Each structure stands twice: as structure tokens, then as C-alpha cells.
Amino acid sequence: MGLGASSEQPAGGEGFHLHGVQENSPAQQAGLEPYFDFIITIGHSRLNKENDTLKALLKANVEKPVKLEVFNMKTMRVREVEVVPSNMWGGQGLLGASVRFCSFRRASEHVWHVLDVEPSSPAALAGLRPYTDYIVGSDQILQESEDFFTLIESHEGKPLKLMVYNSESDSCREVTVTPNAAWGGEGSLGCGIGYGYLHRIPTQPSSQYKKPPSASSPGTPAKTPQPNAFPLGAPPPWPIPQDSSGPELGSRQSDYMEALPQVPGGFMEEQLPGPGSPGHGTADYGGCLHSMEIPLQPPPPVQRVMDPGFLDVSGMSLLDSNNTSVCPSLSSSSLLTPTAVSALGPEDIGSSSSSHERGGEATWSGSEFEISFPDSPGSQAQVDHLPRLTLPDGLTSAASPEEGLSAELLEAQTEEPAHTASLDCMAQTEGPAGQVQAAPDPEPGLCEGPW
């Protein structure tokens, strides 16, 4: 006895349907499954007609193994089973199973799905399970949807045996229920019944028709984690982003980008408790504190829009201070600064539009003048090697200490000792009309030559 090879669905759609299998019977020992199995062949005889062929062949093979071909509705396949008919097993019949000749093509449609089960109802007292139990048969033949409801009405107040299949345990059991319309609720069974295509038994055990899980009890509310929320004054569970020009992009999923949460640095500095605060050192956040040890970098420098009325070259060294061969008496404080530029004269100030380096010299070029300074002027201070300043005739703007230039630097410059004769610092003018080479006023501390 046992299972043999399986094959596809056979031709024809009739066979002997097993409605019930008794315990310890030859049918149970052979592995026959109630409701889902159809005996279509015994020996070499095809059982496609309602006659006594099955009974006769079973009697002819008492206490002898006989092969059966069985079609299963769950797997939709045919398998071979070996059974030993016997009348000594302790029950009724040679197989210990009740059979009925019918078509297995529409047998899966005759199913009544148990839905909601009310507490203390006849269905609940009988042990029917909501959404996983399927009523597949009874003592009477059920072929239409109305047959089941007619059966319930005819057994009002009387016990009724039902064959029930459970999709969770994948097994059939016999349930005895007593319909009672006066149980205190709706209906005679107190349960919902579904019939039709959407309420058929699935080919494999599934939770498709299971009742959705109930909501959490009031005493135990569900906790939903919020990634962007953390206690006030406590460090966040993620490190602070540094020098990020935009949101960091996380994993890409299909057609959208997931942006990881970010916390501004200023916000975290306000939220972190200080050494003297009450909450400092009291909370233990484990590994979260290690992520807060990342040093914060200063913000990028502020880029200011310069006023077109003057040239801001503060903080730039236009001459090599280490080379003293050009101007021995020129100190580091007398380099070209906004104050030094203002000392050149009322017409020596212009607006600049760009600055760049070319050919080993630093050049500031604008729409109105150009200043060039060589990196290495040479071993001797000569006039031809000094930077030249060319201004147009129409330049009339002048800068004053009140417009942004430092008056203190101007006074410090005038206090330096004179190392060059005043006649050598006089202005020299040359070139075509419309171009003027301006020389600074005779002041001590300035080198001789055009600027």
C-alpha cells in the first residue's frame, strides 16, 4: 500500500468521489484523502460509469493488494495507490470509506466558505473556524448553493453532521452542528457563509481568505518608529553631515531617489546640553555619543559683492617682501593696500572686474585699468622694471577713508622715515593723449618710479 507515480488529469470527468474515510480503515492506510480524491480506475478497469464494478472488484480482491488510480482535486494530478480490501479491520465496508459516483470537473464548485463566526453561536459551539473552514459535504448530496441552506432549515434544533476542510491544517474533519434560530443573534448558525468562485478551496494552503489581524489592544498601543524624531536635548541616532552642498542620496529604487535625513549643525549645537545643564551626563545613549565626536568644520567664507567704486585688495601682497633689492627702505607695512592705493592720488582708484595669473606675474585687469607686478624684479631697482599704472582721462572717482579705507594705515604710512628724495617721487607723465601715468605725491617711504 502506498503512493505511486503521478500523471496529468485523465480523459473524462467521472469517478467515485470519497466523502468520508474512517480511522484505521484500509482507505486511510492507503493514503486516500476524503473529498479531494476520486477513484477512476481499479486494476485495469476504468470507472467511468455508475455501476457495481468497484464493489465487485473489491470483493474479488479481499485481503489482496489491488492498485487504484486516484485523481486529486488539489494537485489536479492522478496518482497510483495500492490498497488491501479487508473486512477484518474493525469497521464497516471493505475500504472503510463512503463513495459517490459523480463528475470531478465541477466538484470543486460545491464548497461553502465559513466567514465570520459570532461568539456563543451554534457555529462557534460546533468548533467552526472563521475564514479557514470550508464545508464540503454532509450526509446528503449537495450540488447547488441552495442545497446547503435547505439542509440547515430542515435540521432546525437537530444535530447535523458536516464534512469540513481546514486550509491551515490541510485536512478534513467531521463537525456536528445544531442549527438554532433562537440562539440570540442573526441566522440559525451565527456565521457568514460564502459560495462561488471567490470562495473555493485554494489549490495550496493559503491565507487569502483569512480574517485580517485585529487592531492592537488599548493597553498595548503599537509603536511606530519615527526616524526623524528624537528627544529634545539628546543627540540624534545618526552623524551630522559635513560640508554637504545638498542632501545625500540614499539607495535608488526604481524611479525615485531616497534622500537621507539631515540635521543642520546649528540646530544640534543648540540642542546639545552643556556641562552645567541638568541633563548633562544623565542619559546613556550608547554608541550614539560616538557619532557626535566628529569635529564640526567652520562654514565656507562669505562671498561679498564688492562696491564698483573701489578695488578691494586687502590682505594681498603685491610685491615680494623677501626681496629687498628693489626697495631697501620699503617695509612690509608699505605694501599695496587700500590705504596705499588711496595715497596715490584722487585719480588712482578704479574698479576691478577680474584677477588672474599669467607668465609668472600677478595681474589685476579691469575695464578701466590694469596693474602688473613681476614676481622677481631683478637685482637692481630700475624704473623700467617697476610696475606701471595706466589710467584713462575720464576717471574721476576717488576713494576716501570714509568710503572704506583705513585712516590708521594712512597715518602709519606717513610716519615712516624718508629714504628717497622728494624730487625722485614726482609724477611723470608720458604717452599719447588720453593716457596718464600718475605718480604719487612726494611722501617718505615710497620707491621711485611709476606705479
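Using the three backbone atoms N, Cα and C, a Cβ is placed for every residue, glycine included.
For 1-20 (among others), the entry in Swiss-Prot reads region 'Disordered'.
Over the domain 'PDZ GRASP-type 1' (14-104), the average per-residue pLDDT in this prediction is 91. What Swiss-Prot records for 14-104 is domain 'PDZ GRASP-type 1'.
What Swiss-Prot records for 14-214 is region 'GRASP'.
Here Swiss-Prot flags His17, His19, Cys102 as Zn(2+) binding site, drawing on experimental evidence. For His17 (Zn(2+) binding site), the Cβ neighbour count at a 10 Å cut-off comes to 22, with all displayed protein chains included.
Annotation source Swiss-Prot lists domain 'PDZ GRASP-type 2' at 110-198.
Taken from Swiss-Prot, the feature region 'Essential for interaction with GOLGA2/GM130' covers 189-201.
If you look up Swiss-Prot, you'll see 204-252 (among others) marked as region 'Disordered'.
Feature annotation from Swiss-Prot assigns phosphothreonine to Thr220 (among others); the stated evidence is a large-scale study or a structure entry.
Look at Swiss-Prot and you will find Thr224 (among others) tagged as phosphothreonine, backed by similarity to another entry.
The region 'Disordered' annotation in Swiss-Prot covers 342-451 (among others).
Neighbours of the Zn(2+) site: apart from His17, His19, Cys102, residues of the same chain with C-beta atoms within 8 angstroms of the site's C-beta centroid are Phe16, Leu18, Tyr35, Phe38, Val99, Arg100, Phe101, Ala107, Gly137.
Counting only same-chain residues six or more apart in sequence, the Cβ atoms lying under 8 angstroms from the Cβ of Cys102 (Zn(2+) binding site) belong to Glu14, Gly15, His17.
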